[in-house]
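Peer 1: Mind looking over this structure? Questions follow.
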Amino acid sequence: MVVQKKLRAILTDEGVLIKSQSHHMFNKHGQLRSGDSLSLLSCLSCLDDGTLSSDGGSFDEDDSLELLPLNTTIPFNRILNAKYVNVGQKGFNNGKISSNPFQTENLSSSSENDDVENHSLSNDKAPVSESQSFPKKDKWDTKTNTVKVSPDDSQDNSPSLGIKDNQQLIELTFAVPKGHDVIPQKLTLLIDHVSRKSRANTGEENISSGTVEEILEKSYENSKRNRSILVIINPHGGKGTAKNLFLTKARPILVESGCKIEIAYTKYARHAIDIAKDLDISKYDTIACASGDGIPYEVINGLYRRPDRVDAFNKLAVTQLPCGSGNAMSISCHWTNNPSYAALCLVKSIETRIDLMCCSQPSYMNEWPRLSFLSQTYGVIAESDINTEFIRWMGPVRFNLGVAFNIIQGKKYPCEVFVKYAAKSKKELKVHFLENKDKNKGCLTFEPNPSPNSSPDLLSKNNINNSTKDELSPNFLNEDNFKLKYPMTEPVPRDWEKMDSELTDNLTIFYTGKMPYIAKDTKFFPAALPADGTIDLVITDARIPVTRMTPILLSLDKGSHVLEPEVIHSKILAYKIIPKVESGLFSVDGEKFPLEPLQVEIMPMLCKTLLRNGRYIDTEFESM
């Protein structure tokens, strides 16, 4: 096959534009269906983990996907990797292109050695991009004639193949849909290289880097390439599927994007605390918890107990690959409950600092206070979370059943509550939210930014606001950041307010948190912000009739429950709660805590994590 029949492409500001001279995407009946090209373009540029549905916009099982449609743009946010192909190497039949150079290679299969208890995975390839959602299509061709070459191969512009001086033969790895997941695929392209200066025509100095490096730079613009990741897996967590979910769905994306991976499996309760406390932080820049929310809690507290905790929190980003029964961190930070899409967001996001909360109780305050990244709760929610552990195999539905049961019983949990307010009324809270919602915005933008001459579906600009540049410096934290402003050993400060005893003696729900979602479809804190220096507080009492409580609970998926007049919703800096019951518990990040006075305060910007677009998932609170 001659070179002119190979897929040819042009590097543009939006991505790699397919400009094959003689090939189009036909179905088996020889026709390019109306809407196919636009549908694929849309699905390549979006970032949701749902499936695309539109009139004529999805592919039937009979359709051939060996070729991309003419004028398809593979956006930079879809590209995972790129490398030069040496056309003289084995696989090109001594300089002749393979019989079908257009086929894509399915890279989602796991290694046969995946059941090793502790192993290291590394990939030398340079990485490239991020992504979002695709049409419902399972039968991407898994046969391949793609050339297997090492990443350091240089291009061979062989005259016999008709490759011109301004063209490079490049193997592109990018993310494509398969069912409900995203998987890496490879495609070999003959790319016409046009310099930045020539394309932009801005007069700026021309950078003489190669085409591959330019693709990588634009695909990972403002994000970290080649991450060194410690993946911690609880193989028995949730429904017991965490290991398989990571190996089959998340790992292929991480490996093909050039990440170096080591895997550690937890072997006993709270093992992740010990792993984080003892690990060599010089080997990693990211800890990815392939689990529910319990492992991130343990990792954060393990790092907190290190003698070099300042260095640990300055260097390491802690994130989640959703593989457990509760995946609030991934839903809030990566905007998805799907491990493959979360992995894609992981490699594309910029490190962002978020607030933590420090919890103190008499039984452990002289040992180590506990850090919390998600929430603390007392009352119905705590009982429903912890006391349904025996049916954890049911997944998130266990929590809903527990809440409904306790509400119907009309349980109340008397206590005393002292609060340091930041925004007491709902009106003050809304003002605070609007003033602070973009305070920490400064990370990679995945969403399209339309220009007058481009279709909004095809664009994926990676803009950054420099307001957080200093905040993300390597030495942002020092030991002072870990000192408590309100030690529990001291009396309650005078500027704290004691909540009305008529409310607290009839308390049903006491819930404080820092992330908008506490579980899938449970948007409990819609006004939560990553680093606004406050904790969200939600309270209800047992005097609310069941006829009113029912619609409140049914609106948790929308987050509109906080608008109901019976629901107290505030922003606070610290609080102390003193239970008046003899039996019960607290739940902190889903972990059982003793029933004794609990004091909590905000710890501003203590932890690095990875946020898609530099912010939490949009809860639409602004428009509520």
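Glycine residues also receive a Cβ, built from the backbone N, Cα and C atoms like all the rest.
According to Swiss-Prot, the protein carries these features:
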{"type": "ACT_SITE", "residues": "ASP293", "note": "active site, proton donor/acceptor"}
{"type": "BINDING", "residues": "SER291, GLY292, ASP293, GLY294", "note": "substrate binding site"}
{"type": "CROSSLNK", "residues": "LYS148", "note": "ubiquitin cross-link"}
{"type": "MOD_RES", "residues": "SER111", "note": "phosphoserine"}
{"type": "MOD_RES", "residues": "SER120", "note": "phosphoserine"}
{"type": "MOD_RES", "residues": "SER154", "note": "phosphoserine"}
{"type": "MOD_RES", "residues": "SER160", "note": "phosphoserine"}
{"type": "MOD_RES", "residues": "SER451", "note": "phosphoserine"}
{"type": "MOD_RES", "residues": "SER454", "note": "phosphoserine"}
{"type": "MOD_RES", "residues": "SER455", "note": "phosphoserine"}
{"type": "MOD_RES", "residues": "SER460", "note": "phosphoserine"}
{"type": "REGION", "residues": "95-162", "note": "region 'Disordered'"}
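Can you tell me where each of these features sits in this structure?
Peer 2: DSSP assigns ASP293 (active site, proton donor/acceptor) to coil in the three-state reduction, placing it in neither a helix nor a strand. Around ASP293 (active site, proton donor/acceptor), the same-chain residues at least 6 positions away in sequence with a Cβ under 8 Å from its Cβ are GLN320, GLY324, GLY326, ASN327, ALA328, MET329, LEU374, ASP589, GLY590.
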Peer 1: Within 10 Å of each Cβ, count the other Cβ atoms and name the one among the binding-site residues GLY292, GLY294 with the highest count.
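Peer 2: Ranked by Cβ atoms within 10 Å, first place goes to GLY292.
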